[in-house]
Amino acid sequence: MKKLIIGDHIVKSFGEGDERRHVLDGVSAFIKEGEFVAVMGPSGSGKSTLMFALSGTDDVNGGTVVFDNQDLSAASENELSDIRRTSMGFVFQQPTMLKNLNILDNIILPSMRDHRRNAASLTIKARALMKRVGIAELEKRDITQVSGGQLQRAGICRALMNSPRIIFGDEPTGALNSKSAQEIMDIFSEINEEGTAIMLVTHDANVAARTERIMFMSDGNIVSELQLPKFDGTDMDRRVESVTAKMLEIGI
Amino acid sequence: MYFRIIRNDISNSKLITLTTMIFVAAAAMLVSLAAVLIVNLSGSIHTLMTQAKTPHFMQMHSGDIDSARLTAFAKQQGNVEDFQVAEFLNMDGAQIILGEHSLVNSVQDNGFSTQSKKFDYLLDLDGNIIHVNDGELYVPISYMRDNTAKVGDIAMIGGKEFTIAGFLRDSQMNSSLSASKRFLVSEQDYAEIKNLGSMEYLIEFRLKDMSELRAFEAAYAAAGLEANGPTVTYTLFKMMNALSDGMMIGIILLVSVLIVVISLMCIRFTLLAKIEDDYREIGVMKAIGLRVSDIKKFYLAKYAAIAAAGSMLGFALSLVFKGMLLENIRLYMGESHNSSYASLFGIIGILFVFLAIIAYANRVLKRFRTISAAEAIRYGTAQEKNTGTNRFNLSGNRLFSTNVFLGIQDVLSRKRLYVTSLIVLVISAFIILVPQNLHNTISSKSFIQYMGIGSYDMRVDIQQTDHISEKTAEILHTMNSDPAITKAAVLTTKTFKVKTEDGSEENIKIELGDHSIFPIAYAKGKAPAEDEIALSAMNADEMGKQVGDAITVVINGDEKALTVSGIYSDITNGGKTAKAVFTDDTADMMWSIVSAELSDKALVHEKVSAYAERFDYAKISDIDEFVSQTFGSTISSVKKAAKAAIIVALIIMVLVTLLFMKMLVAKDRHAIAVMKAFGFTNSDMKIQYISRSVIVLIVGIIAGTLLANTAGEMLAGAAISSFGASMFRFEIDPLSAYLYSPMMMIGSVLIATVIGVSGVGQIKISENMKE
Ligand SMILES: Nc1ncnc2c1ncn2[C@@H]1O[C@H](COP(=O)(O)OP(=O)(O)O)[C@@H](O)[C@H]1O
Ligand SMILES: [Mg+2]
């Protein structure tokens with residue numbers, strides 16, 4: 001498979017003078033088209049920072065990030081916005097919906113910017129997505145009138161609206177109980193089946209075990225990787241075991 | 001701990017904190033100045049009236065006087081301490097020339113007096129009783145104020161020469177609102193000019209016990225003594241002295257109220273935004289058992305600090321500006337005896353502002369009670385259903401671009417917040433429009449017409465000369481044979497006696513001639529026909545006459561009943577005039593006016609000089625020039641005020657918009673980051689904020705304009721009525737009021753918004769979304 005995103009010796013540092021330290025210390029990483037990867041590591045190891053760097057949402061202090069043959073570090077703000085809107089989707093841990101809009105409007109919001117004339121077809125698409133993730137009946141609700149799991153599903157619908165080539169999820173199941181988390185992971189697996197690449201940051205071995213490649217981070221470096229066969233609904237226990245074993249091995 | 005909380009909070013919102021503080025300081029300064037002015041004004045008036053020994057009761061009287069009977073009455077009244085009859089020699093303004101200025105257009109009744117013997121003294125500027133020498137003239141202080149006269153100028157009174165030796169304070173007639181003004185001359189000079197004017201008597205009493213004034217008034221009336229003229233008491237003198245500075249104090253208070261409202265709006269905005277921000281924290285505090293009053297204290301502390309700092313700054317500023325505003329009071333009335341209390345009252349005024357702010361902040365914080373701890377912790381936001389936004393769905397939106405839609409949506413769902421900036425915009429629009437409309441109204445042609453001046457191009461005044469009628473006829477003859485002049489009319493003013501209700505006689509100036517050639521606008525009724533008379537609003541008011549009432553005028557010794565045909569506003573000749581068409585050859589002509597219309601308006605200037613050269617005894621003026629002389633100074637000061645108001649209001653608009661937008665962006669950074677993460681560009685975000693601003697702005701401009709045209713018109717009408725206008729409508733220049741001004745407001749608010757939201761570009765997705 002072709003590589004969709006290539007990060008090469010990415011350096012990201014925070015602070016000034018003596019305080020200055022590298023949060024990403026020359027990290028190289030890639031994501032192939034249609035690949036399902038996870039990033040694990042202790043708190044503060046730089047997982048989120050890596051995700052923001054690879055998606056071009058945050059500028060880097062060194063190295064390059066190339067998305068689909070385009071150098072993100074050289075792209076303008078507006079070009080980055082366009083790429084995010086048309087080719088990427090994001091799902092975060094905390095609800096990141098606009099308070100003023102109902103669930104349906106929140107979902108279609110990013111696509112409405114470019115396709116206002118097609119509001120009707122966008123609505124149809126959004127309803128189909130909502131139905132698929134099991135929140136079909138919630139479209140008119142306010143975001144404060146639904147549960148965390150439902151909100152996260154709506155977030156996934158929003159990320160899928162523009163049929164992105166990759167979805168980034170920063171601990172998308174972090175705030176959910178394990179049952180809800182597994183349901184969300186079922187949705188992610190399905191989306192991945194259809195060819196969308198996914199990069200998840202997670203602490204949860206059960207979540208990571210669903211993916212096909214896991215990058216382990218520590219102190220701003222990728223210290224190890226674990227390759228798994230593509231998940232087909234079986235062998236879950238063995239997969240989880242190998243993830244936990246690897247975590248123990250590198251001490252996280 | 002409070003200190004730490006305040007410090008952190010303030011350093012997070014320096015700009016808005018500073019601005020709020022400046023508004024508070026301005027409000028505190030104005031309130032304190034008003035308080036200081038009130039104390040000084042009352043003190044100075046007291047001092048002046050004590051030094052001058054102002055009469056407790058005064059009856060003006062024109063006509064014959066029976067001194068013996070009055071003296072007997074005074075003796076017999078146990079409460080009378082002192083009694084005197086002073087003379088007031090009323091002289092036509094045309095007879096009084098001070099330096100280069102003639103008082104011909106003076107709206108005052110100017111008259112001459114000698115220094116009183118017992119009380120009602122005319123004082124010099126140090127508060128001492130003036131002793132005047134022969135050939136010297138003391139001039140009412142108001143003519144110094146408006147630069148009509150200065151010490152050392154030569155004055156011509158009815159042809160007699162005087163030197164202006166100084167200015168005088170007159171505890172009765174100081175005020176510009178008092179219709180009469182007293183000049184002071186020596187006894188001998190007075191005797192010489194005595195036959196040049198008409199005599200009025202001031203019958204004056206000082207009482208032993210002021211509280212018995214009412215009883216004394218009744219006794220005077222019951223005795224059937226001389227009473228052809230107004231009666232004035234000590235209290236009324238006091239009020240007249242207070243009125244013009246009182247009006248200034250009123251305006252200061254009005255402005256300070258507006259500024260207090262603006263600072264309250266800043267506080268409201270900051271607080272509401274802060275509560276939205278801290279929603280979850282507030283919920284947590286409630287959940288762990290803090291009382292609402294405890295939580296409130298955290299928030300109130302900051303506003304107490306702002307209000308305290310602003311108040312102190314305002315007090316300091318009021319000390320700086322105090323002198324400037326007290327100048328007028330000091331000039332007219334002298335030093336106050338109780339100025340030491342003034343600062344105390346200033347501080348009380350400031351305390352009032354301080355408490356108002358705390359009370360208001362406390363009220364806004366009442367919202368804490370309605371915050372549900374569970375909801376706040378779980379959702380971090382109020383779960384109130386957004387009324388009005390329901391039917392306004394993004395999915396159903398075809399009309400607006402998505403960015404504009406989001407802007408409108410936000411305004412609708414956070415009405416509370418935006419109402420705050422709306423109020424500021426409405427106030428600003430009001431401040432911009434009212435003075436502007438007022439200026440446009442009083443400088444418009446129809447207003448001039450309405451103020452008692454017909455629409456002619458050139459005007460010839462013939463007065464202060466003998467053979468007025470021959471001269472007038474000569475000019476009219478020339479005009480009639482002048483091809484450049486399309487029409488001309490003569491109006492002659494004569495004095496007649498008019499019978500009042502109680503049978504006494506009063507003087508009335510009646511303008512005779514054909515009033516249909518250059519018609520004026522009548523507030524009520526129409527121009528006079530045969531056996532009719534039209535009255536100026538002031539005359540009608542004073543005589544208690546309506547359209548249709550009858551008036552008895554003495555013409556050539558015969559009483560003649562005339563019907564009031566109309567009432568008009570007049571700003572000329574003190575506002576007390578009348579118009580009629582009857583012919584009369586007996587009464588003395590006071591002056592006459594020939595007005596003319598030219599076929600070519602461009603020739604006005606040329607014609608004016610040509611006639612001026614030919615008829616050197618007449619005053620020829622271009623009508624625009626005449627208007628500008630008559631009330632040009634009022635127009636120009638209103639114009640200045642209008643310009644200043646525009647600048648001040650625009651500054652307020654820009655400042656407040658800038659701050660509100662900056663705060664909104666800071667507050668909404670999370671939502672901004674979300675949208676940016678989903679591919680909305682910085683310019684998309686800016687368009688959203690500009691849409692919010694534009695919506696509020698449009699509503700603000702419309703509401704402000706409506707308010708200016710209703711409440712503003714009433715306010716301006718009240719101010720204008722003091723010039724003798726009876727009815728007031730704004731004459732609005734649509735281009736300026738409905739195009740330029742809104743464009744100016746939109747322009748400045750947009751610029752402020754663009755600058756205010758420039759921070760959107762700096763909001764990093766990663767910093768706001770990181771888990
Ligand atoms: N804006 C920032 N300024 C300073 N330090 C930061 C900033 N963002 C992240 N860091 C630091 O970078 C490190 C990595 O952060 P992050 O990528 O969020 O970790 P993770 O997601 O793995 O928990 C942490 O030590 C964090 O303190
Ligand atoms: Mg993280």
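Just so it is clear, glycine is given a Cβ too, placed from its N, Cα and C backbone atoms.
Since we're looking at a predicted model, the values are computed, not measured.
What TrEMBL lists as transmembrane segment is B:21-41 (among others).
What TrEMBL records for B:247-271 (among others) is transmembrane segment.
As annotated by TrEMBL, domain 'ABC3 transporter permease C-terminal' applies to B:254-361 (among others).
Listed as Cβ neighbours of the transmembrane segment (B:300-321) (distance under 8 Å, sequence separation of 6 or more from its ends, same chain) are residues 2, 5-6, 9-10, 17, 20-33, 36, 263, 267, 271, 346-347, 350-351, 353-354, 357-358, 361-362, 365. According to TrEMBL, the feature transmembrane segment maps to B:300-321 (among others).
Taken from TrEMBL, the feature transmembrane segment applies to B:341-361 (among others).
Annotation source TrEMBL lists transmembrane segment at B:417-435 (among others).
Long-range contacts of the transmembrane segment (B:644-665) within the same chain, counting only residues at least 6 positions beyond its ends with a Cβ under 8 Å from a Cβ of the stretch, are 13, 15-16, 19, 262, 265-266, 269-270, 273, 420-421, 424-425, 427-429, 431-432, 434-436, 672, 689, 692-693, 741, 744-745, 748-749, 751-753, 755-757, 759-760, 763. Among the features that TrEMBL reports, transmembrane segment is placed at B:644-665 (among others).
Residues annotated as domain 'ABC3 transporter permease C-terminal' in TrEMBL: B:645-759 (among others).
Long-range contacts of the transmembrane segment (B:694-720) within the same chain, counting only residues at least 6 positions beyond its ends with a Cβ under 8 Å from a Cβ of the stretch, are 407-408, 411, 418, 421-422, 424-430, 432-434, 437-438, 441-442, 727-730, 732, 737-738, 742, 745-746, 749-750. The annotation transmembrane segment is assigned in TrEMBL to B:694-720 (among others).
The feature transmembrane segment is assigned by TrEMBL to B:740-761 (among others). Listed as Cβ neighbours of the transmembrane segment (B:740-761) (distance under 8 Å, sequence separation of 6 or more from its ends, same chain) are residues 425, 428-429, 432-433, 436, 646, 650, 653-655, 657-662, 664-666, 672, 682, 685-686, 689-690, 693-694, 697, 701, 705.
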The transmembrane segment (B:21-41) and the transmembrane segment (B:417-435) contact flag, 3+ Cβ pairs under 8 angstroms: no
For the transmembrane segment (B:417-435), sequence-distant contacts whose Cβ falls under 8 Å of one of its Cβ atoms, 6 or more beyond its ends: 258, 261-262, 265, 268-269, 272-273, 276, 411, 638, 641-642, 645-646, 648-650, 652-653, 656-657, 660, 692, 696-697, 699-701, 703-705, 707-709, 711-712, 715-716, 737, 741, 744-745, 749
Remote residues contacting the transmembrane segment (B:247-271) - C-beta distance under 8 A, at least 6 residues beyond either end: 13, 16-17, 19-20, 23-24, 26-27, 30-31, 33-34, 37-38, 41, 299, 303, 306, 310, 325, 328, 353, 356-357, 360-361, 364-365, 417, 420-421, 423-424, 427, 431, 652, 656, 659-660, 663
Secondary structure tally of the domain 'ABC3 transporter permease C-terminal' (B:254-361) (DSSP, helix then strand then coil): 98 helix, 0 strand, 10 coil
Taken over the domain 'ABC3 transporter permease C-terminal' (B:254-361), the model's mean pLDDT: 84
